[in-house]
Amino acid sequence: MLLNSSFISLPSFFKSQELGRTNLLIHRNGSPLLCYATNTNVSQRKSANYQPNIWNYDILQSLKHDYEDARYVDRSRRLQEEVKRMIKDENVNILELIDTVKQLGLSYHFEEEIGEALDRFLSLEKCSGRNNFGRSLHETALRFRLLREYGYDISPDIFEKFKDHNGNFKACLVQDIKGMLSLYDASFLSYEGEQILDEANAFTSIHLKDLSEGRSSILIDQVNHSLELPLYRRVQSLEARWFIDSYENRKDANKVLLEAAKLNFNIVQSTLQQDLKEMSRWWKGMGLAPRLSFGRDRLMECFFWAAGMTPFEPQFSNIRKGLTKVCSLITLIDDIYDVYGTLDELELFTTAVESWDINAIQILPEYMKIFFLALYTTVNDFTYDTIKETGHDILPYLVKVWSDMLKAFLQEAKWCHNKHMPKFDDYLNNAWVSVSGVVLLTHSYFLLNRNITKEGLGYLENCPMLLQTPSIIFRLCNDLATSSAELERGEGANSIICYMNENGVSEEVAYKHIQNLLDQTWKKMNKDRVINSPSSKYFSETIINLARISHCTYQYGDGHGAPDTLAKNRIKALILEPIN
């Protein structure tokens, strides 16, 4: 069971909930609070001693990317035509080709051709009567992974033939490193209750770790890469960057695919740099960082997060920029609620946001006034652009999710103030909202969908699980990486501490429980993606990408709040440094 019944029965996040929320928005009451901001001395406030910004925004403005030139775009288009012909060729190993194209970051150019090729592949299989018993482990696992990734109904029972009479995976499979890696990768597309894939994951994990020790080859590098973080859970754009470098070293590398992949990556990266320069000017113009110097100045990290959530395609600039704005505001308000604001001030701010009344700033302290105006202006600008383009007023939806997030922030602040350690389920029911995933995804939905319908809005309201599961993954990844630092700052509850306190277990046991909960939530999201898939495939991809960028950012620590050299190198690889 993923969580207890309180998780399964959570009401829609668009309906009022009894449990307080503490993230980025407001607390709605029937009447305004009849109190005013406290005159707390700055020296009396907590300080998080956050790491300063490590990026020079003036230097970012000087970025110049060679691949902005139209001749590269023309060359890329010619190469794409060659790749299309390859996909349509019935004599190629189509599954291997599709997998390579996908890992190289090229598949978005060929969605129609790939769909037709997979349909053709399945049709030929059916006509020829070929069954699974003639397939190798690699072929079977690759077939399963690709078909499930592309939404085909395929059962994991196809792996039964690789078991012995005792129901265990055959010992002889262990020496097939390529097949074992393919089975390992496939196991991460499992649904709840698919025991054979759980067994496959356990079997391959143990033996691949043993097989990779003391060896060196391109295949072993791939094994170590997947063991570090599974292929399906990786940010696809960063994975393309890594795979291009790996693929170039292979003797069987196709030169057309390799050149097409390099050009495509660099062209999209040049678009990202233009987006980043615009966002750098926006952030500097907002003037929030110097006025709210107690908080984290993380424009670059927020842009990286937005780029990771958004499909890695040049036409999604508006979505990247919109999410960068949202993420930047979330980061600062999180610091207000976690560290700087007094409880009275947080109550006032939560109520002000929920009322969405500009006059509410009159009773806010000065530092909150500027942030309220920044939030008010940004959200209203999103609403204005959407009304202008679609005729739909999305303001109630945006204010609602911001309000719910701030209520969740406020609840956490109260727990901390009262030195209260909540039960694990109470914490998580609040924390999946406070982590801000719903705010990010709701903005994404409206930024991606300019053809907004009543049916679509109903879908957004009535399918909360699609937003809840990636938010839980986001929260758990965050807690695993930041719990120690948060405790040092006196920020109180997180999932690990709550579980330890409630169950009387060690930190190691609690970590294992959270990791298991992460895996179970991924299974739930994998299934929800199929049975409750939104009309927009891009929004569906963005939902999964939220979970992926969470793993990426918190894989080695707090890559957002305290970015280290590894975090900086990831940003440079995706945004700043072209492939030679």
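Here the Cβ of each residue, glycine as well, is placed from N, Cα and C on the backbone.
The feature (2E)-geranyl diphosphate binding site is assigned by Swiss-Prot to ARG296, ASP334, ASP338, ARG475, ASN478. Following the DSSP three-state reduction, the secondary structure of ASP334 ((2E)-geranyl diphosphate binding site) is helix. Here the Cβ of ASP334 ((2E)-geranyl diphosphate binding site) has 21 other Cβ atoms within 10 Å, regardless of which shown protein chain they belong to.
Residues or ranges marked as Mg(2+) 1 binding site in Swiss-Prot (evidence: similarity to another entry): ASP334, ASP338. Around the Cβ of ASP338 ((2E)-geranyl diphosphate binding site), 22 further Cβ atoms fall within 10 Å across all displayed protein chains.
The DSSP secondary structure for ASN478 ((2E)-geranyl diphosphate binding site) is helix. What Swiss-Prot records for ASN478, THR482, GLU486 is Mg(2+) 3 binding site.
Under the heading motif 'DDXXD motif', Swiss-Prot lists 334-338.
The transit peptide annotation in Swiss-Prot covers 1-41 and is backed by sequence analysis.
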Counting across all protein chains, other CB atoms within 10 angstroms of the CB of ARG296 ((2E)-geranyl diphosphate binding site) number 24
Should one count Cβ atoms within 10 Å of each candidate's Cβ, the binding-site residues ASN478, THR482 would be headed by ASN478
Largest C-alpha distance in Å for the (2E)-geranyl diphosphate site residues ARG296, ASP334, ASP338, ARG475, ASN478, as a whole number, is 19
Averaged over the motif 'DDXXD motif' (334-338), the pLDDT of the predicted model comes to 96
Other C-beta atoms within 10 angstroms of the C-beta of ARG475 ((2E)-geranyl diphosphate binding site) total 26
If you measure between the CA atoms of ARG296 ((2E)-geranyl diphosphate binding site) and THR482 (Mg(2+) 3 binding site) and round to the nearest Å, you get 15
